[in-house]
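Q: Input: one structure, supplied below.
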Amino acid sequence: MLTPRDENNEGDAMPMLKKPRYSSLSGQSTNITYQEHTISREERAAAVGRHEGFRGCTIWFTGLSGAGKTTISFALERTLNKLGIPCYGLDGDNIRHGLCKNLGFSKEDRQENIRRVAEVAKLFADSGMICLAAFISPFQEDRLDARKIHESENVKFIEVHVSTTLEVCEQRDPKPSELYKKARAGQILGFTGIDSAYEPPENAEIILDAGKDGVQQCVQKVLDHLESKGLLPEQIPDVPAVRELFVSDDLTVAELLKESQNLPTVELTKVDLQWLQVLAEGWATPLSGFMRERQYLQSMHFGQLLDLKHKVAFVGEKSDDKEDSWPMMDDINQSIPIVLPISDDVKKGLEGVTRIALKYNGQVYAILSDPEIFEHRKDERVCRQFGTNDPRHPAVAQVLESGNWLLGGDVAVVQKIQFNDGLDKYRKTPNELRAIFAEKNADAVFAFQLRNPIHNGHALLMRDTREKLLAEHKNPILLLHPLGGWTKDDDVPLDIRIKQHEAVIAERVLDPEWTVLSIFPSPMMYAGPTEVQWHARSRIAAGIQHYIVGRDPAGIQKPGSPDALYETTHGAKVLSMAPGLSALHILPFRVAAYDKTAKKMSFFDTSRKEDFENISGTKMRGLARNGDTPPEGFMAPTAWEVLAGYYKSLQNSN
């Protein structure tokens, strides 16, 4: 006979973001699972002191086992932390591992368990933190005592009834524990909701129906209540949290690598690995891995992520209720799909599996769990994503040549993705960039994406942008962010571009004091206005507020024609009204050309057109190949030497 499940522990079957650790307590319940928090100590520290005013309180979540208390409270904890509000989640199972490890399951011990938790929660709240307590706490008397402990010290106590029905909770009963099943079979005695009563709150401040509403909706209801009570700051900066998919615990990494030896594998292409890097570092927050069909359809048809539910349910069908617990406060722009194509043969080998090792060049980089395989429908995809299915478009060809199926699922990344090409020092994650900007005391960050060498016209635009930002900010910082993933064969290679950018900074054409050079890991798609939304949206993860959009961004020549495939002004126009990007200040690209009178790059002046010369990329490449130099003031001399050397080497090799 198993010991009784502690009535104050949480056994939610809603998805967790980290692998749980299992109890090794001797003489205590074996039904206690340690719940890992979803935010790090560093993230907690970043929230301290960001807002004035006291907002300490305890939010007490009560409900049946499996109702969703821990899932909601931890999602709320992450959201509050993102908003700069210090908070901490107390979970019933976690408390049983420490503070209350000496307590059993008699009525007296259960009362003492709640009393201790209430006293600890009061201290957290009294320190100015928002304490989130997730406990079944089935008895009204115990919850009233917890309230009195707070209110006797004039500390706010907010009771939240997670009112998920017993039927739904039993449906969620997670394997391998299957606590409800065991309780029904008489293997667990005193289990709340089965043979022990649950007394619903009579006057809870908030009631959540987590059987009907998603995690994000529940979190929003709690936030709305906090706002109505003046417990949220009036001005909240819109700086979304970053969702990294790296496994941070070395022991867990070792366990996953050992497990991978017995798992089916999928061999990644280099482009697949680049997309895995994008996901792992958090550029595609809130995605937890390669898209499932639901998110794929949202991206392809709406250009947005509307939710993080796992399955698509037809009208009238019952959903499986699986939903990622990452908080989504609003729809998120996601104009391009992030997917993992697989072949027919690979699909056959994955039938019925629940976990898959993702490898590149024989090395395990990630474990994909809860997989979903769905049809790629490549022709439909390229027509929607690129506006053409012409295989002469290099990225269209790449899609058409890929697998007929897409593999979606959550990924746990077991190692940092590096390419050992001498450029890894420039591959900064969003969180690393945020730390750099904080160290530089940036009060504004503006980004400039490019896949070409920098001439002085580009630099003029960046300097001019900073001058304008200085009217409202003290220290705006430039994120010079060249695209570092796959590009078409005739583009300048990444290593040459980085050397050229280094030379521009070394000559102080761009001031190193306010310029941060970093590589953006995304592959290029040449999808025009569709892709430029991704380029802007992904940089929000790094903490930018301003984005410079160029002429014909992510554009390409129409196959078989000298014309551009996409209308050259549409990228900027689309960004100005794209859904989910309203918090991002879009800075239009001012046209710069070579001013023959001033002998420098200047903004084009229509009143003296004859004084300006447009030095095209074709002309620039011709000058470099022939060993000629461009006009004075077109490009920093050492930067030109890098570029000329590259084109000269191409000519020699040919």
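Each residue, glycine too, has its Cβ placed from N, Cα and C.
What you see is a predicted model, and the numbers here were worked out from it, not measured in a lab.
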Q: Swiss-Prot records GLY66, ALA67, GLY68, LYS69, THR70, THR71 as ATP 1-binding residues. Which of CYS218, CYS383 is assigned to the same site?
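A: Only hit among CYS218, CYS383 in Swiss-Prot's ATP 1 site, alongside GLY66, ALA67, GLY68, LYS69, THR70, THR71: CYS218.
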Q: Under a three-state reading of DSSP, tell me whether GLN449 (ATP 2 binding site) is helix, strand or coil.
A: strand
Q: Among the binding-site residues THR71, ASN113, SER137, which residue has its Cβ surrounded by the fewest other Cβ atoms within 10 Å?
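A: Looking at the binding-site residues THR71, ASN113, SER137, the Cβ with the fewest others within 10 Å is that of ASN113.
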Q: What Cα-Cα separation, expressed in whole Å, is found between ILE95 (adenosine 5'-phosphosulfate binding site) and THR70 (ATP 1 binding site)?
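A: Rounded to the nearest whole number, the Cα-Cα distance is 13 Å.
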Q: Please report how many Å separate the Cα atom of ARG451 (ATP 2 binding site) from that of ASP93 (adenosine 5'-phosphosulfate binding site), as a whole number.
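A: Given the Cα positions, ARG451 (ATP 2 binding site) is 50 Å from ASP93 (adenosine 5'-phosphosulfate binding site).
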Q: Please give the maximum pairwise Cα distance, in Å and rounded to a whole number, for the ATP 2-binding set GLN449, LEU450, ARG451, ASN452, GLY550, ARG551, ASP552, PRO553, ALA554, ALA592.
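A: The span, Cα to Cα at its widest, is 19 Å.
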Q: Other than its own, how many Cβ atoms are within 10 Å of the Cβ belonging to GLY68 (ATP 1 binding site)?
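A: The answer is 32 other Cβ atoms.
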Q: Would you measure the largest Cα separation among GLY66, ALA67, GLY68, LYS69, THR70, THR71, CYS218 for the ATP 1 site and round it to whole Å?
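A: Spelled out: the longest distance between any two Cα atoms in GLY66, ALA67, GLY68, LYS69, THR70, THR71, CYS218 is 15 Å.
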Q: Which is it, of LYS69, ARG451: the one of these binding-site residues whose Cβ has the most other Cβ atoms within 10 Å?
A: LYS69
